[in-house]
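Q: Just passing along the structure, written as structure tokens.
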């Protein structure tokens, strides 16, 4: 047993309202730069739908992830090492910009500078790739809320697979249509095929917290990671010629702050926590013979942080005490392993993804209530699970490689929880038999309810911070994204705009940010790097570092940074 | 042996070599972030998938051909029973095919670069200069192959002129006379080649020096510890490049070593700028 830690996420899809706040805040924080216009580290897809990039789940086309060879070994679906190297001159399966969308802006100046006339001036769309005028035909969320109707939804690879198996399960007639939202970030897989695809070894999984990163200095732009990732969550920055991906907001996570997408989630549907897993068995688990066993195999990798044997092994492997404590309080471990209500996205890609989903139940309650039944009565609910508007089979294609049983178990637990807790809320005697039918006890139901219904910030995000001794250095040690004077600016080295040394990733210091968020005093980060971020400055007092010091003292009276 | 000959064949190669090695080392240290293929496949894939492999595989064969022709002495191949005529036949066959592939490949790539809007927009002046020199080197090289083999004009056995000169460079006793005897086309190709090597470290061609052969040997999944992350000198927005300030304790490349007691480091001499 080799114990390693992994920062993992759970998303409760019942709560997602598809507001895209996570996508927008993530974009503002990380990819608000030229070269990354089309890059969405976080996106929210409407299911059924094609996803982003279009039909990324169809691995017959995109060749991402792993396959099991006849001898039971794992191989990259896009080919072995030699095949990969032969393909570096022109990657045979790489999405082009059209598979994402051509990013654009509008010619806003036209609105004010157009000559006086009878017609309203129009801001025409201009391509951010070619600078030409363009007609907008696709976007990151073109089929949002089933936009485009059956024509787009029919192209969903999961729908097509279901069609072959059970024709009547999928309906797009208006009264029968269904949808739900699926927010996606990088899965930070235990067996990452992007890392395995990178010829120059620039991609790596961090040993401490399992976050998968691209070393911007060592990336040479061979583009194999884009193909390797079956979730298409590694993007190619077309200005710098380097790969970029979701960083799990590591500068924030290192100081104990949740990721931007979690922090800003309106529905509070995201959970962040540490799980311990046995790194020695990852390969074995990922090469399970039957795809449908992959979910269980993945779950088996998780180690119980309360088990004394695991604890002593973890200590031996250098996992600090506060991390063990965080693992014990981890909401991710509780939801995925203890209650078994969270499922991985597409385990059949064999990458062992570490962002887990609680499948949606809501429409069934509404549907039942609509027909005059008691939507929260356990008997009705259990019976209705198989006639769900969102077919269990569809959810199974997403979360359990097509095996409907685990999905059914989860939905049964969720409905039992509703029924049981309603009795509690109405002051009735809750029926233990309802909980038992879903394989739980009343205590477990209550615990699950607390976690899903009332968990506060500190319970949803249990993030052990990196150790202070490292923390200071780490904070600025790695550069995932390049900054010069802030987001969107590039250094102007001698070899074009992308050359030279990149700026450290933390434009503001994240320690200072946490300080500000968690203290009532004024923002006065007296430590190193105390540049005051004016966006975070609360206007009280005059923090050190607001103005540069001068020879004559503290420089408070001087004008800051006079230019020459 | 004229002064021109000495300069061209005795001095210039060493200058080029110094620029090539020095420039590469300097760029490797200074500009890791700019060290990339700068692929434009995201913009356009159809033409690239024909042109790029054609060019790259072609040029790899061309390089192998150069190594054989320049490094292996004629006496060795003769001893192995390969007559001069036979050698030239195989050289011209292989060389012409590979050279043509390369030329067609780069032709497709340049056409694509010029006609695909986004690709052209992403083309820097540096790229254009590099393409011109690379194309010139290819055309001159192909012409030399045809000319030298006697397919066009008079046959010339470059393995008695250019090759000894090339080898003599590396033992620091350049055989200038041998090279001076070679026909004009060989001189021209060599000069363009030297220019290409001198430009090499400063263009996108550097990606060839980091060809990922290590991929064949390494484990699939890489783990790195946070603490082993490469250290880097932090720079604030108001600071210049590392080393701009003589007082700065952390020069370029020096590992960052914790919090300086005095808080943020300010430029001491701002008015200088």
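Cβ coordinates are placed from backbone N, Cα and C, and glycine is handled just like the others.
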Q: What range among B:131-152, B:153-174 does TrEMBL record as transmembrane segment?
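A: So the range that TrEMBL calls transmembrane segment is B:131-152.
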Q: Please report, as numbers and ranges, the same-chain residues at least 6 past the borders of the transmembrane segment (B:91-111) whose CB is under 8 Å from any CB of it.
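A: Same-chain contacts beyond the ends: 47-48, 50-59, 61-62, 65, 69, 131, 134-135, 138-139, 141-142, 145-146, 149, 151.
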Q: Under 8 Å for C-beta pairs, could you tell me which stretch among B:6-26, B:47-71, B:131-152 has the largest tally with the transmembrane segment (B:191-217)?
A: B:6-26
Q: Suppose you look only at the domain 'NarG-like' (B:6-226); what would the mean pLDDT be?
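A: Averaging the confidence scores along the domain 'NarG-like' (B:6-226) gives 92.
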